[in-house]
Amino acid sequence: MNLQEFKQKYNYDVATKMMQQYLDIKFAHLDCLLLFRMGDFYEMFYEDAILASNVLGIALTKRGKNGEEEIAMCGVPYHALENYLTKLIEENYKVAICDQLETPEEAKNRGGYKAVVTRDVTRIITPGTIIEENLIASAEPNYLASLVITKNKETASLCYVDLSTSEIFVVNVPEAEILNELARLKPREILLSENLRSSNLADSIFKQLNFRITYQVDSFFAINKCEKIILDFYKMKDIKGIGEISSSQICAIGSILEYLSLTQKQNIPHLPIPRIINFHSYMTIDFATRRNLEIVTNSQGTLKGSLLNTLNHTVTKQGGRLLYNFLSSPLTNIAKINHRLNITEFFYSNLEIVKRIRELLKKTSDIERCLTRITMNRSSGRDLLSIKYTLEAATIIKGVFFDAYGFNLPDFIEKIIKPLSGDAELYNLIDESIREDAPNNLNDGGIIKHEYHPKVAQLHDLINNGKLHIEKLKDQYCKETGIDSLKISHNNVIGLFIDITAKNVNKILDPKFIHRQTTVNSVRYTTTELQKLESELANAKTLVISLEKELYADICNQVIEKASYLRMLASSLSGLDVFCNFAYIADEYDYVKPEFTDDLSFDIVKGRHPVVEKALKRESKSFVYNDCHLSEFERIWLITGPNMAGKSTFLRQNAIIAIIAQIGSFVPAKSAKIGVVDKIFSRIGAADDLIRGQSTFMAEMLETSAILAQSTKNSLIILDEVGRGTSTYDGVSIAWSVLEYIHDKLKCRCLFATHYHELTVMSNFLPALQNYTIAIEESGKDILFLHNIISGAADRSYGIHVAALAGLPASVINRAEQILLKFEKTSTGKGKNILSTESNNLSLFNLEPNKTTISSKLDEQFRTIAPDKLSPKEALELIYELKKLV
C-alpha cells in the first residue's frame, strides 16, 4: 500500500491533527502493532485495536469518527505495559512503542493551546530484541540471529546476539548442519533474506524448528553496506580488526547490527567485538536428538522432566544461563573438557567451601542484564543497587577462598576468582549516591541520597518542610513589623500572601512589602522573598526529579566506564555457580569423574539415567544401573527384549552420560571411560508429522537417513526400533541394512534396540556387533522385568504380557494367547492353514522351509549384496528392490 492509498483508506485529510500524527507514524511502521502514548495510556486504533483487544482480552471501544468511519480503539495503562507486552511477544507480534517526547505544557509553550504533543517511536520490540527482565526467561539466552548463505551454498554464516547480556558471536556452519546449529541456539528470531522465503531451508526452520523468521530485502545483507555498518559501529578503519572473517560473516554481523539500530532507534548497548566460534569445537546434537533426549526441555517444550531441570541447582540467573549453554554445547576438545572436570573436582573436594559460596552467590544479582539496561537508558535505581550488592558479595566470596587456601590456590581457580577483588571506587559511588529504597520509576523521584548533592538536600527540605519554611518567614515578618497577629495564608487566586488586620496597616513601613489586596477586615501583601519561596515550593518536586535524573545519568555513565570489568565479574560468578552446582549434584546424587581417551572407548560401569533416577527417588524407589562397554572391537550393541523392560531408558542414559561428561560434570555411574564423542544421534520413537504430511515411517526414515549421512567414526548413534513403521519384511530388511552400514562404513559406536529377533544372527558375521537383552524373570504366566542388560538375545517379545499389564480386557488377552499358540505351531510345521485364517504377517524367518518363500528370495538377494561398495543412495534403492519381493 503506497502513501496515497493509505491516506485515502483512513480519510487522512479530514482527520484531527492528533489522528494525522498517528497515521503518519503508523504508515512508517506498517509491519508493527503501534502502541501510541496518550497521557497515562498506550492506545491502539483501527485494525491494531481490533487485533490487540482479541489477543490481550481488553475492551474494544471507539474514539469518535474519521469522516463517516468510526475509529476502533483500545488501550492499556502505561505502568502496566510490560504485562501486556508479554502476551504480544508470546504471540510473536512486532510492537512499536510510540512515546510522548514532550509534556503538554511544553507543547503549549511551543505552539499554543492547539499544539499536538510531539510523539515518535522510541523502540520496536521483537522476540529477539527484548531486554526487560519480566519479558524474557531468566535461565536461558534470548538470541537474535542473522543467517547468510554463502554463494556456493556449501556453508552458511550465522551471527547471533543476546541483547539482554550484550553478547555477540559469529560462526560458519556446513550447509548440512544449519538446522542442527539453530537447534543448539534456539534463537527467538532469525533474520533471513527475502530471496530465501520459498526455500527448503526457510520451510524447515519454520516447520521443523518452529522458529520465528523475519525476512529482510536482499540488499539488507549487501557486503559493502554491512562492512560499513561494522566499521562505523566499532569505530574501526579496517574490517580485519574484527578478526579473520569471511564475506558471509561480514554480512551476518552487519545485518544484525543494522536490525538492532532500526529496532532500538540507535540506542544500542556497547557490544564487544563478535566472538568467532569454531563450529567443530562443540558436540553436534541434531534437533531430533535434542527432542528425543529432552536435554533442555521435555517433549512438550517445558522444563519439567528435562535433563536441564534435573541438573540445575544453580542459585543465580546468570549461572542458570551458563548451565543452559553448557548443556546445549558440550565440548569436543579433551584438554578443555579435562580443564572443566578439574575445576569440578576441586569444588567436589571442598564441599564446605561450596556450601558457603552458594549462600553468598544468592546475594548477587544478574548484573549482565542490569548493565545492558543501564547502557540502553532503561534502568532503574534497583539495577545500580544490584551491582553494589554483587560487588559486596564478590569480595566476601574471594575471602572464603583465601581463608581456606591463602595464596596456594590452583592456577585454574585463581583465574576464575581474579575479578572478585571488587571495585571500591564503583562500590562507593553507588553506596554514596543511590537510596536503598530507590523506586523503579525515575519520574517518582527519591532515587538520589539527599547528602550526595547539596541542591538535592535543599529541594527535599523544601518538599518535606515547606510549612516550617513559611512559619519561619512569618516569624521574621512579625518581628520586623511588630505585628504579632501577622499571618501568611494561601488561596487559589493570589497564592501565598501576608495577611494583617486593617488597624495594623500603618505599621507596614518597609517598601519590600508589596500591596496585593484589601478586604473589609484585612490587607494583604507579598514580598520578593515570599514569591521566591512560593515558586520554589511549587516547583520543588519537578526540580528535584529533573536534578535527580541528571545526577543518575552521570552515575550511570561512570558505571558504563566499568562495563568490561563488570562483564568479567558476571562471567566469574556464573562460572562459580555452575561448577559449585556440579560439585553439589555429584555429592547429592553420587556422580563420578569421567576419564577421557582419544579412542572409541565407551566404558560405563553401573550407569544410571539421571532424570529417571531422580523421579524414582521421589517415589522412594531405586534405579537399576547397567554397564555399557563399547570399544573399537565391540562397537555395536544389538539389544532385544520386550517393551517396558528398559531398552529405551538404557539407550538414552548412555547418550546423556556422554553429554554430561563433555560439559565438564561428573556423571551418574560408578566409573566412566569415554572416547570423545563428536556427534550424538538419536532415533527414539516418532509421532505422525501431520503438519508436514509425513507418516511415522517417513519421519523415522528421514531421521535415519540424516544419521547415516552425517555420522563419523567418533559419533555415538542410538537407534530404537528402526523399521517398525512398515511391514515386517520391509522393517527387517531396512534394520538389517542400516546395521551393516553402521558396522562396515561408519565404524562408530552404536546402541541398537529392536523387536526383530531375526537380526541377532548378524553377530555371526559382523565381528564388532554383540547381542544383549533385558533380563526377565518368569513365574507361570507372570513376568518380572529386571531391567538388567545382559549378554545374549531375547527368544520372544512378551508382547501379550505387556498388553495384560496395560489393562487390556481378559477376553482379548486370552484370544491373543490362542492365536499366538497357533502361530507358534505354524512356525514348526503344524496348523498349516492358520496363515489364511488368522494372519499373513508372520516373521519372515518362521515361514515353512519346504516352499519357495519370500524368505528364500531375500536370502538369495542378501547373498549378492556387497555392503562395502554401496553408497547411501544405492542402499536406499536396494530397500525398494527388496520391497518388490513382498
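Each Cβ is built from the backbone N, Cα and C atoms, and glycine gets one as well.
It should be emphasised that the depicted structure is a prediction, and the values quoted were computed from it without experimental measurement.
Over in Swiss-Prot, the protein carries these features:
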- Gly641, Pro642, Asn643, Met644, Ala645, Gly646, Lys647, Ser648: ATP binding site (BINDING)
- Message: Within a 10 Å radius of its Cβ, which of these binding-site residues (Gly641, Pro642, Gly646) has the fewest neighbouring Cβ atoms?
- Response: Pro642
- Task: Name, in the order they occur in the sequence, the residues of the same chain whose CB lies under 8 A from the CB of Lys647 (ATP binding site) and which sit 6 or more residues away.
- Result: Ile639, Gly641, Asp720, Ala753, Ile774
- Task: By Cβ count within 10 Å, point out the most packed of the binding-site residues listed: Asn643, Ala645, Ser648.
- Result: Ala645
- Message: Helix, strand or coil for Ala645 (ATP binding site)? Use DSSP.
- Response: coil
